[in-house]
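Please read the structure below before turning to the comments.
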Amino acid sequence: MNETLFTGISQLVTPAPGVQRGAAMRELTRLDDAAMLVRDGVIAWTGSRQQAPASTSIHDLGGVAVVPGLVDPHTHSVWAGDRLADFEARISGVPYEEILARGGGIRSTMRATAASSVEALVALARPRLEALRDSGATTVEVKSGYGLDFAAERRMLQAVQILQAEFQLIPTLLIHVPPQDHRAAYVQGVCEDLIPWVAAEHLATAVDVFCEKEAFSVEETRQILAAAQQHGLQVKVHADQFQAIGGTELACQLGALSVDHLEASGQAQIEALAASDTVATILPGVTLHLGLPAAPGRRLIDAGAAVAVGTDLNPGSSPVFSSQLVLALAVRLCGLTPPEALSACTVNAAHALGLRDRGALAPGQRADFLALHSSDWRDLAYTLGASPVRDVWQAGTRV
C-alpha cells in the first residue's frame with residue numbers, strides 16, 4: 001500500500017462529487033489549513049490538518065491552495081499541418097469561402113493529417129497534450145475527425161491509443177466533415193464499417209457528430225448516433241455553433257453525454273438541456289479566437305443545466321493550449337462565476353465524458369489535483385497570461 005498525507009494546504013477547494021446543475025455549481029467546499037490523505041492513487045480522507053490521521057509519509061505543499069485537476073472534455077489535439085496562412089487572411093478580412101477556395105481551411109488540415117503516419121501524429125500531439133497538462137488538465141478528451149478517409153480516422157485514434165501510455169486521455173470518434181460527393185454512402189459506411197471497427201478495437205469510448213447546416217443533418221446525425229449506441233458507444237454532438245437546427249434537441253432525446261458549442265442556442269435549446277441529463281459544454285476559446293458571440297453560459301446555469309467548459313484545442317478555431325485559460329475566459333466571456341467555472345472544468349467536464357471517479361477532492365475519487373502558486377484558489381480564474389498552477393498531480397503522483 002502506498003500512502004501519503006499532503007499538508008501545507010492553505011485552502012482545499014472542491015465541488016461535491018458528481019454532476020452539478022444550476023445553482024449547485026456555485027456550492028463549493030472550502031477547507032482552510034487542510035490536509036489530504038492519498039492511498040494507492042485515491043483520496044482516502046480530507047479535513048483539517050489538526051485532525052489528520054497519522055501517516056509515515058508526509059508531503060508539505062508549502063501553504064498553497066489546492067483544487068481538483070481540471071478535465072478538458074473537448075479537444076482536437078491530433079492534427080498535422082497548420083492554419084497560420086488562414087489566420088492571417090481571416091484577420092485581413094478574407095472570407096472563409098475564399099480561404100477554402102485557395103486550398104486552406106479545414107480541408108487543408110484534413111489533407112495534412114491524412115498524409116501523416118501514426119508515429120508522426122503521436123509526435124505532433126505530444127507537446128500539445130503536455131501543454132494542456134501543464135495548464136492543469138489531468139484528463140483530456142481527444143477527438144478524431146480530420147481524416148479524409150476511414151483509414152486516416154483510424155490512424156488518428158491509434159495515435160491517441162499510443163499516447164494513453166503517457167496521459168489520461170479519453171478517445172472520441174468524431175464524424176466531422178461530410179464528403180463533397182456520395183454523402184449517403186459515406187454515412188452508411190460510417191454506420192456499417194467505421195463504427196463497428198472502432199468499437200471492436202476499443203479505440204473510442206464515444207462517437208461525436210458535427211450537426212450543422214454545413215455539416216451533417218439531424219437525420220444523418222440520428223442515424224450515426226444510433227449505430228454508435230448499438231455498438232455500445234456513448235454519444236455526443238457538436239451543435240448550435242452557427243445555427244440551431246435541432247442537434248441539441250436530438251442529443252437530449254438520445255441521452256447524449258454532452259452537446260458542445262451552443263453559441264447559437266436559443267431558449268428552446270436551453271430548456272431542452274435544463275430538462276435533460278445531457279451536459280452543455282461551452283468553448284470560450286472559439287469566442288476569443290474567432291470573435292463570435294459567446295455561448296449562453298449564464299442563461300444555461302440559471303435555467304438549471306449542467307455546464308462544462310473545454311478548450312476545443314484545434315488549429316482552425318481555437319488554438320488554445322490551456323485549460324486554466326478557458327476557465328478564466330468562461331468567467332469573462334460567458335458570465336460564469338469563479339465557483340461555477342471550477343465546477344464546469346472539473347466534475348461537470350468529467351460527467352461530459354462519462355467519468356464519475358474524478359473531478360472532486362473527496363474520499364473515493366482519483367487523487368488528481370493542482371497545487372497553485374497562490375494561497376487563494378481564486379487566482380485560478382483571475383490570472384491571465386501566466387500559469388497560476390505550480391504542480392500537477394495525477395493519482396497522487398506529481399507529473
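Every residue, even glycine, has its Cβ placed from backbone N, Cα and C.
Between the candidates His182, His231, His238, Swiss-Prot assigns the Fe(3+) site shared with His74, His76, Asp312 to His238. When the candidates Tyr146, Tyr186 are compared with the N-formimidoyl-L-glutamate site entry in Swiss-Prot, which names Asn314, Gly316, the shared residue is Tyr146. Of the residues proposed, Gln241, Gln243, Gln253, the one Swiss-Prot records at the same 4-imidazolone-5-propanoate site as Arg83, Tyr146, His176, Ser317 is Gln241. All protein chains included, Gln241 (4-imidazolone-5-propanoate binding site) registers 24 other Cβ atoms within 10 Å of its own Cβ. A gap of 14 Å separates the Cα atoms of His176 (4-imidazolone-5-propanoate binding site) and Gly316 (N-formimidoyl-L-glutamate binding site).
Across the fold, the C-alpha of Ser317 (4-imidazolone-5-propanoate binding site) and the C-alpha of His76 (Fe(3+) binding site) stand 11 Å from each other. The secondary structure of His238 (Fe(3+) binding site), as reduced to three states from DSSP, is extended strand. Here Gly316 (N-formimidoyl-L-glutamate binding site) is compared against the binding-site residues His74, His76, Arg83, Gln241, and the shortest C-alpha distance is to Arg83.
Of all the Cβ atoms in the protein chains shown, 29 others lie within 10 Å of the Cβ of Tyr146 (4-imidazolone-5-propanoate binding site).
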